[in-house]
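Single-structure report; data block below.
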C-alpha cells in the first residue's frame, strides 16, 4: 500500500466553515479511484479537501482531460488543497479480496490518511467504503463535485506514473501506453510472454494467459 499525504495543517473554524459553501457546517472530502478495470497494477484512490480560499479552475472528471491538463491540475491540487491523501491496494490484495473490496480498501486508506478529519466523505459511484465518518455515494460525482474531480485527477495521475515505473521493469507489455488495460497489444503480449508479477491473476484474461503456458 502506498500513501501520499499533504503536510498537516491546523484548520481554523472560519476556514473549516468554508470548505463547502452549500454545507457550511461540514468538512467535506471528495473520494475517487483509478484502475478498477486494468489487468495489471494496483488500484489507486485519493481523498481531497479543497480550500475555497485557493480555488482551482478546470477541475473535471479525469477521464475527459488530456494527460497534459491532468498533470497541470495535479500540481495545483497538491499545492492548493487543504488536505489530500493518495493510497492504493496492491495486486495481491486485489487477487485476495476481489477488485471491488480492494477498491473500497484503497478509498478507506485515502480518507483515513487525511491530515484533516472530514465530517463527510463524498464518494464517486454507487457505494461507499466502511468509514469512521459519514459517507455518501454520488453517481458521476467526478463530473459533478469539484473535490471528487480533484480526487479523480490525483488517483489517475498517480496510477499512470506507477504504470510507467512498471514499464521500466516489464517493458514487453507496454504498461506506459495502456496503463494495464486490456488492449489488443497488451493481450497479445500476455499470450506471448505470459503474465508478470504485476498482473491480476483473478482477472479472466490473465488466467487464460496462464493456462496457455501451463
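Backbone N, Cα and C define each Cβ position, glycine as well.
Quick look at what Swiss-Prot annotates:
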DOMAIN    26-214  domain 'RNase H type-2'
BINDING   32, 33, 124  divalent metal cation binding site
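Apart from 32, 33, 124, the divalent metal cation site neighbourhood in this chain, defined by C-beta within 8 angstroms of the site C-beta centre, holds 31, 34, 45, 46, 107, 123, 125, 141, 142, 148, 151, 152, 155. Set side by side, the binding-site residues 32, 33, 124 differ in how many other CB atoms lie within 10 angstroms of their CB, and the most is found at 32. The average per-residue pLDDT of the prediction over the domain 'RNase H type-2' (26-214) is 97, rounded to a whole number.
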